[in-house]
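Database features (Swiss-Prot):
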BINDING   HIS124, HIS128, HIS134  Zn(2+) binding site
Amino acid sequence: MNVLIDNRQTKVDASGLEALVVRAIKATLEEEEVVDEVEVSVSFVDNEEIRKLNKYYRGIDSSTDVLSFPLMEFEEIEEGEEDEKDAEEIYPIGDIVISLEKAKEQAEEYGHSFEREVAYLTVHSMLHLLGYDHETEEERKLMREKEEKVMERLGLRR
């Protein structure tokens, strides 16, 4: 597993978050029984930067907490022919962009730690990269159950 982390903001102290994000990504992959080597890029930004990205990619002119950019349908990895796969091959599955500024605001609003919020946003985004969504009530419920299992695995229950 390769995790590339880029702190592109200066408003919130990101000390110690790299290890937490890597743990959250690893726990999500383990919970989903992903055995392939994957690469994930994570960027920490502020509210203004994520607002610009949200407007450009989703047409929504407001800040948000996290954006997920899958690079492939995860089924493409699972359906590849086993004998054609190089054991050393690493699959880049996507990019995660987290507004640390928004994460800090939400942690205060929800009454839990900043670290728990960043871990949750990472898990939520990883599930999107793995093909989950929350467009329907059924999808939302399934995704929430998955999030809770991973957060429990991390010891970060509500």
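Here the Cβ of each residue, glycine as well, is placed from N, Cα and C on the backbone.
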Using a 10 Å radius on the Cβ of HIS124 (Zn(2+) binding site), the other Cβ atoms enclosed count 24
Around the Cβ of HIS134 (Zn(2+) binding site), other Cβ atoms found within 10 Å total 16
DSSP says HIS124 (Zn(2+) binding site), in three-state terms, is helix
Residues lining the Zn(2+) site besides HIS124, HIS128, HIS134 (CB within 8 A of their CB center) are SER68, SER125, LEU127, TYR132, ASP133, MET143, GLU147
